[in-house]
Amino acid sequence: MFQLPTVVAFGSLITGLLACLAFSLSLGSRTEKELAWWGLAYTCIAFGLALFATAEGKSSWAANGGNAFILWGVGFSWAGLRALTGRSTRWEVMLAGGFLWLMACTVPAFLEDVVLRLVLRSVLGAVYALLMVMELASFRGEKSVTHWLATALAGLHCIFSGVFAISAALFSVGDAVAIYDLPIVRLIALEGIVYGLLMGFTLVAHSKERVAARHRVAAATDPLTGLLNRRAFTEEASKALDDASGTALLAFDLDHFKQVNDRFGHPAGDQALQVFARVAAGSIRSGDIISRLGGEEFAAVLRNADPDTALSVANRIRVAFAREASAICDGAASVSVGIAMVRDGADLYALLSEADAALYRAKALGRNRAVSLSCAA
């Protein structure tokens, strides 16, 4: 049989290194508060494991204190998950496990009953694992592999802890001298160490994965309007053109935008751009693409759209924008639209040129209108 104190001490060392990793990563990324929480969590767990490794007898201050620090560490880990999902810290829940354990340890009958201590420790562990599962399940963003792995680990630990709590009474304590002589303790400790280490590395990886995803989104997004930028639009539109049948490209240009900036100020101009982005994004389907190409120029790709549908969408956006932006620019805001339909063999740049030609035609006809290759409005 393996020497559990040695395994616990080794687990304390690895957990301490994990805490250092989380703290070092948090210093390089101040926006990821969860990393600091997890650094604190694994510091507490490492200290708790170190105390537990020195425990002797069925009850000792090292075992009881070690369990309290481990429970606080688990609470801090849960707080880190709440920080990851943008929720506030609930200190009473985070610290309750460790304090409940210490309060129970002040009762002599509790200290003398190893089974009761095992049951309470397992129940508290199961509750925190369940809280972590609930926190992970409440996340509404895109769920990555590490997210599902963390959820599975917390769920399995919750189940195991519940089973341990129920089965603890079935084990005979006897006259064991050391707490490590109890098979259930060996099993609980080993499972807890493995779970803690796997969960720790998974959570850190999940946090860094989310940071990378945010960077990818930021690199593809226009910061003012929240729409795709030119580079991202080029990539997405090129993919859409692979299905050339029934695809339309719309080019938008806000009319007299320089005069709007000069007359009402740049904040009003920025607000007009944001209003147009909101109106345009709300007027197309989820599978369509909308982008700010730069300045006051925008473009959209409509999938499965014939010329009449494309013209209808363009006019709907044009009318809605004039209505929504009237309060910003005293009725001076309008947009012109050029429309090009995808033909076999046409690439994105050729379509943009055709849409621009239609857009220039709309400007020449007096602005505030949509022009396609076949009709104008």
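Including glycine, each Cβ sits where the backbone N, Cα and C put it.
In TrEMBL, annotation is done automatically, which means it is predicted and not curated.
The transmembrane segment annotation in TrEMBL covers 6-28, 35-55, 61-81, 93-111, 117-137, 149-172, 184-206. Look at TrEMBL and you will find 245-375 tagged as domain 'GGDEF'.
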At a threshold of under 8 Å on Cβ distances, which of 6-28, 35-55, 61-81, 93-111, 117-137 pairs most often with the transmembrane segment (149-172)? 117-137
The transmembrane segment (184-206) and the transmembrane segment (35-55) contact flag, 3+ Cβ pairs under 8 angstroms: yes
Per DSSP, what is the helix/strand/coil residue tally across the domain 'GGDEF' (245-375)? 65 helix, 28 strand, 38 coil
Selection from 6-28, 93-111, 117-137, the stretch that has most Cβ pairs under 8 A to the transmembrane segment (35-55): 6-28
If you count every Cβ pair below 8 Å, which range out of 6-28, 93-111, 117-137 shares the most with the transmembrane segment (61-81)? 93-111
Residue numbers, six or more beyond the limits of the transmembrane segment (93-111), whose CB comes under 8 Å of its CB atoms: 59, 64, 67-69, 71-72, 74-76, 78-79, 117, 120-121, 124, 127-128, 131
